[in-house]
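Taking it in order: structure first as structure tokens, then the write-up.
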Amino acid sequence: TVSGEVPEEPVVSKKSGLLYEKRLIERHIADYGKCPVTGDPLTMDDIVPVKTGKIVKPKSLTAASIPGMLGMFQNEWDALMLSNFALERQLHTARQELSHALYQHDAACRVIARLKKERDEARSLLAQAERQAPFPASAATANVSALSNGKRVSEDGDMGPGSKQMRPGVSESIIAELTECNAALSQQRKKHQIPPTLAPVDALERYTQLSSHPLHKTNKPGISSIDINLSKAGHSYLWMLHVVDLIFSSKIKEMGNRSVSNKTSNSYIFLHFEGHIGPPCGTQNPVPGSSVTGLEFSLAIRAALGDPFIQTRLSFSNSSLNRASSRGPNDPHLSNRPPLDAFGAKDIVATGGIDSNTVLFDQTSGVILSTLSGHSKKVTSVKFVAPSNVILSGSADKTVRIWQGSEDGSCDCRHILKDHTAEVQAITVHATNNYFVTASLDSTWCFYDLSSGLCLTQVEDPSNSMGYTSAAFHPDGLILGTGTTEATVRIWDVKSQGNVANFDGHTGSITAISFSENGYFLATAAHDGVKLWDLRKLKNFRSFELYDQDTPTNSVDFDHSGSYLAIAGSDVRVYQVGSVKAEWNCIKTLPDLSGTGRETCVKFGSDAKYLAVGSMDRNLRIFGLPEGNASMES
């Protein structure tokens, strides 16, 4: 029994079969409502009285007298004291063990905090040393040449993806190239005017769906990224000529839109020709292969992708060029030479899908040009590098692929980059079209040389524990913006790879960022909507809370002129760009026609004449003016 004595009024539980003293079990049930032994719920209805004989139990001999009772009480008291002493010893031992464990835990926390601090300091010093230390040319050549079937492999062969490696760093020559590009673009921007071919506001107000194209697989629907390679006017071509076999054009196009190599140490120089091939000005039909003495040849050639251009000056003299030749237009070296820009004559839309494929789609003809397969998980970002006919794709499989396009529209994987240890979330191409940056959930961004696929530097941010979700270069190329999972937009100086500013205020991960072509405005999208930032004052001057709290804003995009801003969420909204004080008016809302309630990406076409929209139903949708209205508009 509970009391340890023979009960005077015995009762038994119907549930457990245990025997109790009636008065004691009644009091326990009234206080706790459960069995004191098993802990199961118990009521008085579960208690059954036990019938016993009425024979009076004789008292024990010790309880027959007062001295005997006193002795019995003394024994009980001694047993109680001994039990209490044992409990106190156990409590004291438990307290000592607990105190020791707490001291150990506190010491471990202090050691961990110190080690983390030392690790972060070491990483910072290592990154600074990598940026400042010169990189041997032989090592760089070895890294560049260590390519096998488009894959970069390390010298020892056992360095896995994301392993810590010494990077060449951003050299002084690269910094000079970036600075020169920035100066040229900044100067060009001062003269920038809105092109007369830009779609007017009243045209955008009448935009409707022109076509819908199912580009990706049905079992894994969804388009996660879009980029457009805008068409180039005219039929100009890039020619590759050896420096000692330079061919002159009688008419070099002043407003060209093809790339020019500005490294005179290269074996080849890319020149942009228009019209017939002929002798240089002032030279009367020199014989092919003959020397031209005293030649001073200086050209100012506009480079890079369309507008704005990069000013590049090439100078040659007797000391560096002692032989020049002129060939006729029928020379076999020039006839039937394919253009290097195979996509230059048409608008090509690249879409990255949940199905791990990248699809190249000719928007003009409505034909799929190529499907780029190779990633093992969804494609998170796609970018064109137009002059070199290259497509970049980043994926959740932690890799970036560099695809080389050909004249027939097919593409081959040239490099597979495995420098990240988590999902690659964004790719952005520098204005020189010679470099690009990737951002990943591993809290790093990498700066790459496009031609070699070499990671020049990998910048880690110890304060960003969750990773990067978006990235974009400023139009001038010396500023990089990255969005994080911690609702912060970080601004970086590309030359020093230093974090120069942070924009806070969003809620949730930054899903997209876009710099305006005017160089002043930055649009950022997150779960709570879109915020506009003035880069001159580093402050937020306007916010759009477009959707409900369960609908994130997935994409933002300024058109190339900086006149319009497109926002994608549960629908697509187009705003006319105002100023810091002037209103930004919503001029058009394009409904969600996918039925998924989620528009994932949006991109302006040439002169904002159309919008390409991707959603979670695998369809690429083109919005614009119907053909009749478009012709009237033009």
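The first residue you see is number 1, and the count goes up from there.
Including glycine, each Cβ sits where the backbone N, Cα and C put it.
Secondary structure of the domain 'U-box' (1-67) per DSSP (helix as H, G, I; strand as E, B; remaining residues coil): 20 helix, 12 strand, 35 coil. Marked as domain 'U-box' by TrEMBL: 1-67.
Among the features that TrEMBL reports, region 'Disordered' is placed at 137-167.
As annotated by TrEMBL, repeat 'WD' applies to 372-404 (among others). Per-class residue totals from DSSP over the repeat 'WD' (372-404), listed helix then strand then coil: 3 helix, 19 strand, 11 coil.
Residues or ranges marked as repeat 'WD' by TrEMBL: 417-458 (among others). Beyond the repeat 'WD' (417-458), the same-chain residues lying 6 or more positions past its ends with a Cβ under 8 Å from any Cβ of the stretch are 127, 130-131, 140, 143-144, 147, 152, 160-162, 167-171, 174, 177-178, 181, 185, 259, 304-305, 310, 377, 380-388, 390, 392-402, 464-473, 475-477, 480, 482-483, 485, 492, 494, 497.
Non-local neighbours of the repeat 'WD' (461-502) in the same chain are 120, 123-124, 127, 131, 170, 175, 178-179, 181-182, 185-186, 189, 308, 422-423, 425-432, 437-445, 447, 508-517, 519, 522, 524, 526, 533, 535, 538; each lies 6+ residues outside the stretch with a CB under 8 Å from one of its CB atoms. Annotation source TrEMBL lists repeat 'WD' at 461-502 (among others).
When Cβ-Cβ distances below 8 Å are used as the criterion, the repeat 'WD' (503-543) is approached by residues 186, 189, 192, 469-476, 479, 481-491, 549, 552-562, 565, 567, 577, 580, 584 of the same chain, each at least six residues removed from its ends. Residues annotated as repeat 'WD' in TrEMBL: 503-543 (among others).
Confidence annotation: the repeat 'WD' (461-502) carries a mean pLDDT of 91 in the model.
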